[in-house]
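J.: The domain 'ABC transmembrane type-1' annotation in TrEMBL covers B:94-308. What TrEMBL lists as transmembrane segment is B:35-60, B:100-120, B:132-151, B:181-210, B:231-249, B:287-307.
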């Protein structure tokens with residue numbers, strides 16, 4: 001295809017609209033606050049990493065990263081496991097019963113998480129799960145299960161039934177059929193749900209904001225929110241925290257780009 | 001939904017009529033006994049921490065509970081009456097919600113479709129652009145919020161500096177400090193953050209269209225516009241439905257971005273339903289009242305989703 005200059009221009013401009021704010025953030029982290037005010041959008045005078053050093057010394061940033069990793073990894077794992085089991089049960093149950101179960105889970109997709117935040121907070125409070133990572137993991141699983149069930153069931157329904165029947169004839173247990181056949185063949189949809197869940201839980205603000213109060217258990221997004229109050233006009237410091245907290249997902253994105261993108265795609269079209 | 005599997009179950013049931021119940025056969029009951037175990041963990045978590053809380057929001061909405069005291073009384077539909085007739089901030093929040101959502105919906109859908117039409121072929125450059133546009137999707141809304149708070153800064157923000165540089169000084173202003181435009185400034189950020197994601201959905205939709213259709217149309221001498229109108233647009237309907245529904249719900253629920261950028265201010269000009277109900281519950285401690293708002297919020301979202309699927313199904317015909 002011939003390169004149309006108009007097309008290149010549009011794409012280039014939008015590319016800059018995406019890239020410039022992000023690069024400004026990165027450049028700002030190498031500036032001092034007075035330097036930022038005298039030179040807000042230029043290159044920094046030198047590549048000094050004083051802001052990062054101070055941040056690492058003064059703030060338990062690795063603790064926040066650790067909390068975010070724990071919450072995200074456990075939530076994603078259980079979302080994948082539970083929703084694939086539910087999906088398997090739905091396609092194996094008698095038709096009408098399967099539909100009822102499917103409907104019960106999938107109707108949760110319409111309910112905004114904010115609707116539940118008050119009752120969930122009260123429930124967690126009663127169970128003593130406020131200020132624990134477990135609490136956030138449980139809520140994250142519960143609000144992402146509907147979409148997980150929706151996507152994985154949609155995919156499993158397209159698998160040939162004969163495969164399951166044949167395995168059953170050979171005397172395989174339901175668990176074997178699920179884990180050796182259904183799960184393996186559903187890897188594309190599992191990848192979709194895994195990436196979806198990972199990104200959403202990693203970035204989630206609402207439930208950590210409600211449930212995590214003390215510094216030891218905070219995840220990155222709420223820690224960042226605290227920094228904003230703490231560093232008020234100290235953009236260089238705030239952005240150093242932003243850069244550090246974004247790096248893990250960005251690195252994952254660079255290496256797993258195709259999975260991220262194709263994952264979101266098939267998930268959206270199913 | 002795959003019809004094939006459904007009919008095969010029916011056939012199976014027809015073949016074993018001697019043991020069959022109206023709903024399902026003996027064989028499937030004993031089979032389903034094991035299957036309940038597969039449902040159990042997800043079912044418990046989902047029911048206890050999602051389904052029941054949703055129902056108890058309905059219950060709380062009829063009380064005047066402040067979240068702290070052990071006593072509260074039932075006030076019936078009092079909260080709803082106050083919300084709908086005597087709460088200027090609620091009305092303002094709903095209006096803000098609509099401004100925000102409609103703004104995002106129009107720009108995000110049109111631009112992501114436009115970009116998808118430019119980028120649907122899998123060349124190296126196109127893949128690069130798609131990956132680049134997608135980047136904000138994986139950055140947390142809080143980080144994006146801070147990035148744009150900085151960009152919108154009246155003195156050192158990139159937006160104003162850029163406008164002054166190209167001779168549009170009179171356009172410079174406090175983008176999120178000015179209550180008249182703040183909600184649109186936030187809508188732009190939402191659009192910036194999610195267009196790349198919607199673009200990918202459209203690209204997949206376009207790639208799924210069989211190329212023979214375009215070849216046949218070319219042979220018949222169809223113009224590019226005709227091809228778009230007669231082939232791409234109708235066959236893209238599932239992707240469009242997805243993008244529109246996803247964008248609407250995503251932007252209607254935008255919470256993180258607003259909490260981190262303006263927290264609803266200045267003077268409620270960027271308060272939307274999700275942030276309003278958070279503030280009513282956890283700042284003003286009106287749990288009952290906030291629950292009533294959440295119920296209204298849920299109804300509005302359900303209506304919007306329903307309407308969209310109706311409208312999009314009609315245009316598809």
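For all residues, glycine too, the Cβ spot is worked out from N, Cα and C.
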J.: Quick check: do the transmembrane segment (B:231-249) and the transmembrane segment (B:100-120) share at least 3 Cβ pairs under 8 Å, counting only pairs 6+ apart in sequence?
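T.: Counting Cβ pairs under 8 Å, at least 3, so yes.
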J.: What stretch, picked from B:35-60, B:100-120, B:132-151, B:287-307, has the most CB pairs under 8 A with the transmembrane segment (B:181-210)?
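T.: If we count Cβ pairs closer than 8 Å to the transmembrane segment (B:181-210), B:100-120 scores highest.
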J.: Based on Cβ pairs under 8 Å, which of the stretches B:100-120, B:132-151, B:287-307 lies most in contact with the transmembrane segment (B:35-60)?
T.: B:287-307
J.: Six or more residues out from either end of the transmembrane segment (B:132-151), which same-chain residues have a Cβ under 8 Å from its Cβ atoms?
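T.: Cβ under 8 Å, 6 or more out: 115, 157-159, 176, 185, 189, 192-197, 199-200, 254, 256-257, 260-261.
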J.: Which residues, given as numbers and ranges, are at least 6 beyond the ends of the transmembrane segment (B:287-307) yet have a Cβ under 8 Å from it?
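T.: Distant Cβ neighbours of the transmembrane segment (B:287-307) are 54, 57-58, 60-67, 72, 75, 79-80, 82-84, 90, 94, 245, 248-249, 252-253, 273-274, 276-278, 280-281.
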